[in-house]
Amino acid sequence: MQKSGVHRTPSLKVSVPQGQQQSLRRLGLCSQIATGGSQQSSPVVFPEKRGKKIKAASSPEEKAKADEHRIDIGGGGDEKSDLLGSLVYSGKLLLDKRGKDDAADVFNKKAVDARLTRRALVWASNVLQLDDVVSLTYNVGLKHFTVHAYPVGKGCFTKPKRSRKDFRFIAPTVEEAVQWVASFADQQLFINCLPHPLVSKKKQGSSELFSVPIDTPPELVFRCKSAPKMLVILNPRSGHGRSIRVFNDVVEPIFKLAGIKMEVVKTNKAGHARELASTVDISLCSDGIICVGGDGIINEVLNGLLTRNNQKEGVSIPIGIVPAGSDNSLVWTVLGVRDPISAALSIVKGGLTATDVFAVEWIHTGVVHFGMTVSYYGFVSDVLELSEKYQKRFGPMRYLVAGFLKFMCLPKYSYEVEYLPAQKEDPEGKTRLEREVVDVQDLYTDVMRRSSREGLPRASSLSSIDSIMSPSAGELDTCSSTHASAEPSEYVRGIDPKMKRMSSGRRDVAAEPEVIHPQGQSTTPSWPRTRSKSRSDKGWMGLTSVQDPPPTRSSWGNTGAHDREDISSTVSDPGPIWDTGPKWDSEPSAWDVENSIELPGPPEDIETGLRNQSMTPRFENKWVARKGHFLGIMVCNHACRTVQSSQVVAPNSEHDDGTMDMLLVHGCGRLRLIRFFILLQTGRHLSLPYVECVKVKSVKIKAGKQTHDSCGIDGELFALNGEVISTMLPEQCRLIGNAPERH
Ligand SMILES: Nc1ncnc2c1ncn2[C@@H]1O[C@H](COP(=O)(O)OP(=O)(O)OP(=O)(O)O)[C@@H](O)[C@H]1O
């Protein structure tokens, strides 16, 4: 019978020329461990492989020879052999099921040919993928070693699941066992290297069995990867309290097997994760912060990291995700992982996936909140708000309940939307991503670079909309303007070099201490405006929520009266819900140039504008405006798959394409809404005539007067309170784990 998770192959043929199998006997620690020799003076020596270890091919000829070692499954030829990669080590092994097959006669009878390749361990007709292996345990001086793995089992009636399997193998000799273990270590697997079981603690120091101190880290004995240091932030409320169980029962054992040195902190209130991420000593989490929970806790950690005093540190800390919340769209969409075991394995295996971040800035207050998944307005954010009421009673079902209730008393939502498209129609009428003229240096991820030399006027209004739109709500209007009067703040542009470059032509304007809106440039008829100051004028202290002198805003009606109304609303603007306390660091030094990131990137002259020519976008930035009724607006940073269903909100969006996909569900009424949600289940929602999907670089949104103006960012609820602008910050976060290959 087939063992779960271990694949049997009907005929397994390996063509390894005998010549290549000759011993490459070299001196090393492994022989010392194997023989208990004590001549070795330094313990920090990588064990040289003996026997059938195959040397990595360096020259083309060697490579060609190495190819001959590929394992041919079922005689299928080269294509299939690539599945397992090239051979690393081979020999005889016995899978010891009962834990007492050590006897030589048993071994001789039952041992089978075994091979370790770059991707799998193969013995007899069994294949264990190395991707499923967490670590090995080896007791020094013994002939056996144990491989700890989490292969996917065979689900008879249920979905196949991963479960732990420990394979105890016996090698013919101690020396060969060491060779096997060292070969696994070469494949970046953690080796849990323990003393000989017979050595009592007292004798450990003087034991002749070892030439190394007993507490020598395994990475010094075997050349395996060193144990990572991580901070685990666990939201005990996530997934209706399921997260603690998920962590204790599933994730922690895997992390322990993998030798991860972790500090576990359970959050005690909303906002705790954010505080931790913004203040934690980096030495505690140099290899990452692991979030155990839903998308909400990840969002908190992201915001904490991006607002650390030292930006460089903040951006350098990768985020690992263990899905244990009511939904985990980010890790499912970006890394293709949706169960905690696979997530833990992916964290153990390492690798980093750069992911775009978007910044939503409240233009009136300058407050910025970051997200990685989606920001939404209209029906969905209303559901989010209503669902809070039912948190205790319905748990994860509360969204369904709130959705139904909101649907039954569906209000009308009206918005002003202005966006900078990332797509351009070419002469054949096909849309394609707008590309800036960039040189190679532009391809670097320029993380959190900020220049104090820039001082552009901050975003101020939707003036271009007003000029063209009729005040009649419900009518859909479209226009383009070549001059957007609102831009993301210097802070946001400071994070994203591309935004700065897009704005580089306005440097001269920025140099002025006070900026009067360039009315002449706008397509908007001029109406009285007050002056809005640039960030530098206001002694911009980074992410403060200090209320600025209220800038005048244009509103739905293009009249001064409306302007006045907006002023009053601005004055009393309480800002986003969470922004009630002094949570932001207001240290000016946080944004000083001395802290600018020194990661590989464009040279300084980009910052000084000397290379403006090559950085100027090829196309003139054309802001497009929409105004009217919208059932919903969703600005997605990735495809936004949901774990619970097969929904894919923005199928064409990628987490690292430097753009956001904005979905506008035009109009109002239940019929439209229900059609949208029904087609969303089958992925055909974009075909609806009232659904518009645009790739955008930046988008400004303002709720109409009668509209309940809440907004959701990655599942966190905020009050809209005026105009917000969302801006792309390409690849400003790194997730732990490798994204599946895209085709
Ligand atoms: N100890 C805590 N007590 C109460 N709320 C907390 C605590 N820790 C975190 N939170 C908040 O819980 C919210 C939801 O967290 P998360 O997304 O991780 O779980 P979830 O189960 O997916 O939640 P939801 O069902 O609300 O989406 C976050 O907004 C976070 O701020």
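Cβ atoms here come from the backbone N, Cα and C positions, even for glycine.
The structure displayed is predicted, hence computed values, not measured ones.
Within the set 1-20, 201-220, the record from TrEMBL flags 1-20 under the feature region 'Disordered'. Per-residue confidence over the domain 'DAGKc' (225-364) averages 92 (mean pLDDT, predicted model). Residue counts for the domain 'DAGKc' (225-364) under DSSP, helix first, then strand, then coil, are 66 helix, 33 strand, 41 coil.
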